[in-house]
Amino acid sequence: MAGSDTTPFLSQADDPEDGPVPGTPGLPGSMGNAKSGEPEIPDREGLQRITGLSPARSALIVAVLCYINLLNYMDRFTVAGVLPDIEQFFDIGDSSSGLIQTVFISSYMVLAPVFGYLGDRYNRKYLMCGGIAFWSLVTLGSSFIPRERFWLLLLTRGLVGVGEASYSTIAPTLIADLFVADQRSRMLSVFYFAIPVGSGLGYIAGSKVKDVAGDWHWALRVTPGLGVVAVLLLFLVVREPPRGAVERHSDSPPLNPTSWWADLRALARNPSFTLSSLGFTAVAFVTGSLALWAPAFLLRSRVVLGETPPCLPGDSCSSSDSLIFGLITCLTGVLGVGLGVEISRRLRRSNPRADPLVCAAGLLGSAPFLFLSLACARGSIVATYIFIFIGETLLSMNWAIVADILLYVVIPTRRSTAEAFQIVLSHLLGDAGSPYLIGLISDRLRRSWPPSFLSEFRALQLSLMLCAFVGALGGAAFLGTAIFIEGDRRRAQLHAQGLLPEAGSTDDRIVVPQRGRSTRVPVSSVLI
């Protein structure tokens, strides 16, 4: 059927109250009538005609993006995998250790809006190539810093944020311009598998490379070489698809970018976007805290239980916890992301609010298990690992779903800006400060207790319990998202298809003379 190549589609299930527009090809039914069925979605031939890319090439592009996302998170958590050794080498406390992650996230957060703006307007492929090349060079340089220059390590970790901001704000929008509906959800789930898997590989690579080389510096020299491979793959394989072409009618004009301030105003007026971003902020807070501090906490727990000798100054910290936690992160990430996407996909058939509800269930469910993992650490390390496994699985259910929510409630020409805004919010209130905050609370608690390995353990244990409370707040934000998700999704779809001009947009105004000077007035007021 010819219409299948050019008709609009929905990136999620239909809204049961959504009324089609008469005479508009591809929308189900007609105004005032019941829907005739599911909306028509471009088949493989239709997608190839729209994007100019074969299905195999599109899948290969996603594979390259997944590889880079995996590398991105692998690099981020390699530092956490060797954190006890870094503390010994630079002779720093918990609060200074937390600063390593906080400086990186802060830089990443500040630069994200810049690359979001550029990603909505310029070639995304070349922006990513330049950012990743720079990130690889800076990461390599950070492995040669002498022990008396801890501030230089903080500087280089901050500069790593350039590469990550250039990639994280842009890559999901490329996937959105290549695939539709359930295909998009599946590809996003594959893309976001790379976050927990890459994070786990960071712990594993950091600890094992350190053990093999006998020096933690070599752990930071693995990802730069893989980064060079990533740049070559980006340059040779990835092609830039047209923005939003798969989401508009063949006879509707292309969407043009609006000003940056207009983009921010529109996003601020989008309750589904803002509330889901707040929910994701809670996810970032919890995962950022656990990512940096969980291996160190598990090591201190083993020391208190007498299972591991303490990490003394001048010695290499021998512990299997980074390796075990890395494996748990990989497994729970794959299980959680896949479980979240599959549950949401099935529930969408009967409930259009399924996405935010599944996210809320994941966060609210993870909070008590994370609390139990901390509470049981003094008695049984096995019970701690079991509760961490369950808590991280539930927490990982959010990753792909939150990204999909953003893509179907925001129009194509401001998706990179929306990604950037979400990154800023989630890191500003989430993992930019949470590692440092946890370390700071731990240091303050230790000051009031006699110095001992037990006090070090108890201080970090109590400070990490903040994560369970923040997770519950994030679940409440996703419950709020469920209230607005249907209306915001419908408006974004109609606007992308050229059927609904934005309220307050200056694009629907014309200039007329009034008392000797030109004045912009709405078109409707002139026609009336």
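Any Cβ shown, glycine's included, is placed from N, Cα and C.
Residues or ranges marked as compositional bias 'Polar residues' by TrEMBL: 1-10.
According to TrEMBL, the feature region 'Disordered' maps to 1-43.
Taken from TrEMBL, the feature domain 'Major facilitator superfamily (MFS) profile' covers 61-489.
Long-range contacts of the transmembrane segment (99-119) within the same chain: residues 76, 79-80, 83, 86, 127, 131, 153-155, 157-162, 164-166, 168-170, 173, 260, 288, 291-292, 416-421, 423-424, 427-428, 431-433, 435-436, 439, each at least 6 residues beyond the stretch ends and with a Cβ under 8 Å from a Cβ of the stretch. Annotated transmembrane segment per TrEMBL: 99-119 (among others), in sequence order.
Look at TrEMBL and you will find 126-145 (among others) tagged as transmembrane segment. Remote same-chain residues near the transmembrane segment (126-145) are listed as 68, 75, 115, 118-119, 152-153, 156-157, 159-160, 162-167, 170-171, 217-218, 220-221, 223-225, 227-228, 230-231, 234-235, 238 (criterion: CB distance under 8 Å, separation of at least six residues from the stretch ends).
According to TrEMBL, the transmembrane segment annotation covers 165-181 (among others).
Positions annotated as transmembrane segment by TrEMBL: 188-206 (among others). Long-range Cβ contacts of the transmembrane segment (188-206) within its own chain (Cβ-Cβ under 8 Å, at least 6 residues beyond either end) map to 62, 65-67, 69-82, 171-172, 175, 216, 219, 222, 291, 295, 322-323, 325-334, 336-338, 341, 392, 396, 399-400, 403-404, 407.
According to TrEMBL, the transmembrane segment annotation covers 218-238 (among others). Listed by sequence, the residues of this chain that lie at least six past the ends of the transmembrane segment (218-238) yet keep a Cβ under 8 A from its Cβ atoms are 60-61, 64-65, 67-68, 71, 74-75, 78-79, 81-82, 125, 128-129, 132-133, 135-137, 139-140, 142-143, 163, 174, 205-207, 209-210, 212.
Feature annotation from TrEMBL assigns transmembrane segment to 273-294 (among others).
Per TrEMBL, transmembrane segment is recorded for 323-344 (among others).
Sequence-distant contacts of the transmembrane segment (356-375) (same chain, six or more residues past either end, CB-CB distance under 8 Å): 272, 275-276, 279, 282-283, 286, 290, 297, 336, 340, 343-344, 347, 383-388, 390-398, 401-402, 405, 461, 464-465, 467-469, 471-472, 474-476, 478-479, 481-482, 485. Residues or ranges marked as transmembrane segment by TrEMBL: 356-375 (among others).
Per TrEMBL, the feature transmembrane segment maps to 381-411 (among others). Away from its own ends, the transmembrane segment (381-411) comes close to residues 10-12, 172-173, 176, 184-185, 188-189, 191-192, 195-196, 244, 255, 267, 270, 272-273, 276-277, 279-280, 283, 286-287, 290, 294, 298, 301-302, 305, 307, 324-325, 328-329, 331-333, 335-337, 339-341, 343-344, 355-356, 358-359, 361-363, 365-367, 369-370, 372-374, 418-419, 422, 471, 481, 485, 488-489, 492-493, 495-496 of its chain (Cβ-Cβ under 8 Å, at least six residues beyond either end).
Under the heading transmembrane segment, TrEMBL lists 423-442 (among others).
What TrEMBL lists as transmembrane segment is 462-485 (among others). Outside the transmembrane segment (462-485) by six or more residues, the chain places 271-272, 275-276, 278-283, 285-286, 289-290, 293, 297, 352-353, 355-357, 359-364, 366-368, 370-371, 374, 395, 405, 409, 434, 437-439, 441-442, 445 with a CB less than 8 A from a CB of the stretch.
Long-range Cβ contacts of the transmembrane segment (323-344) within its own chain (Cβ-Cβ under 8 Å, at least 6 residues beyond either end) map to 77, 81, 185-186, 188-189, 192-193, 195-197, 199-204, 207-208, 294-295, 298, 354-355, 358-359, 362, 385, 388-389, 392-401.
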